[in-house]
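S.K.: For reference, the structure I am asking about is given below.
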Amino acid sequence: DEMSRPQHAGAARAFTLFLLAAAAPLLHASPPRRGSHGLLARSRAPLMLMPRTASESGGHPMMQRSASQRRPNQRPHEHYNLKSMSGEQQQRGLRCIDRSMSTRVHPLGYVAGCVLPTSLGLWKSEYGVSYGYGGAILLAALQVLPEATSGLAVAHSLALILYGLRLCSFLAYREIFIPKFRDFREKIEKKAEAKGGRLKRVPFILSCSVLYGCMAAPLLLTAQAGFASNLMATISIALMYVGLLTAATGDFVKTWVKNNKGPDHLVTSGPFGLLRHPNYTGETLLWTSNVATGLLGLLAGGLSWQRGGEFGASVLGLLGIGFVLAQAATGLEKKQMEKYGEDAAYQAWVKRTWAGFTLPPKKKET
């Protein structure tokens, strides 16, 4: 049931180049200055904008406002009347607002958080796409969480923190208590060793690290910018938790049933009564909603090259994990058909359930 690697090496290398290009904006963010406090203190330039009224500034046409002077949960651009400014003042003000919207996560810390867990693949090849996957998402989200300036932004980061913790815990339990998965890990390791030394794994490990960084990039768009619609953000974040719960429940039910009824038993209870692969379908919902949440943050904070690049990286991350999940579901569909295809109960189950997103069948060579 493990997610398999892309079968076509050429396509995989091309997609890796796309991911590397998309990751460039993630390295552009400036780290916070030592001793800085508050949202606007993280800007690379002071925010000098005209207040809404002259009384707010004591009659002075320009003044610097701090985060403590704004209403709670008020975004910087809501406090100032840009229409009353000259063109040059507007441009300078909008540039400062955009900088205040950008999350000041240290780029090297973000990169390290994605690369270090994935580097477990140098020890055991399978770890790069299991513990490395969950660990990279966890560390990326933990770095963004302190930057969150609203309850919705906190909930967004917590969803990916919980995802990383849940995945790593489940993988550890499965490896410790189910011999089948230890054997599966060693089988993958022998295949990897047969292909050459451990250094040959580095390109794959780096490409996975970039993918994980892109998948967590929507957090950078929502931590400080707010949302274009709080209602839509609430819905999209709620769907992330629904996807997280669906995937977790699917893994739990499948593990419990197979431990009690045997590894060859077809699981059709719980979420499997509606979804044939709830773990993959749940993850697809989680990551799709994650990018939708990032889009709402992008619309609220304004568009710039950096923020546009972060959203582009988010979309590429979704396409990458979407392909992997669809490929995994397609492979499992094929295995189940070969194993249970003649069983009437299996045929009835297939008719009343959804497989989720799968890849189109390959054309048979004539």
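Note: Cβ is positioned from N, Cα and C throughout, glycine not excepted.
The annotation signal peptide is assigned in TrEMBL to 1-29. The region 'Disordered' annotation in TrEMBL covers 52-88. The transmembrane segment annotation in TrEMBL covers 130-146, 152-173, 202-221, 227-248, 285-305, 311-332.
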S.K.: For the transmembrane segment (227-248), which partner among 130-146, 152-173, 202-221, 285-305 gives the most CB pairs under 8 Å?
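M.R.: Stretch with maximum Cβ contacts: 285-305.
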S.K.: Establish whether the number of Cβ pairs under 8 Å between the transmembrane segment (285-305) and the transmembrane segment (152-173) reaches at least three, counting only pairs separated by 6 or more residues.
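M.R.: Judged by the Cβ rule, the two regions touch, with the required three close pairs present.
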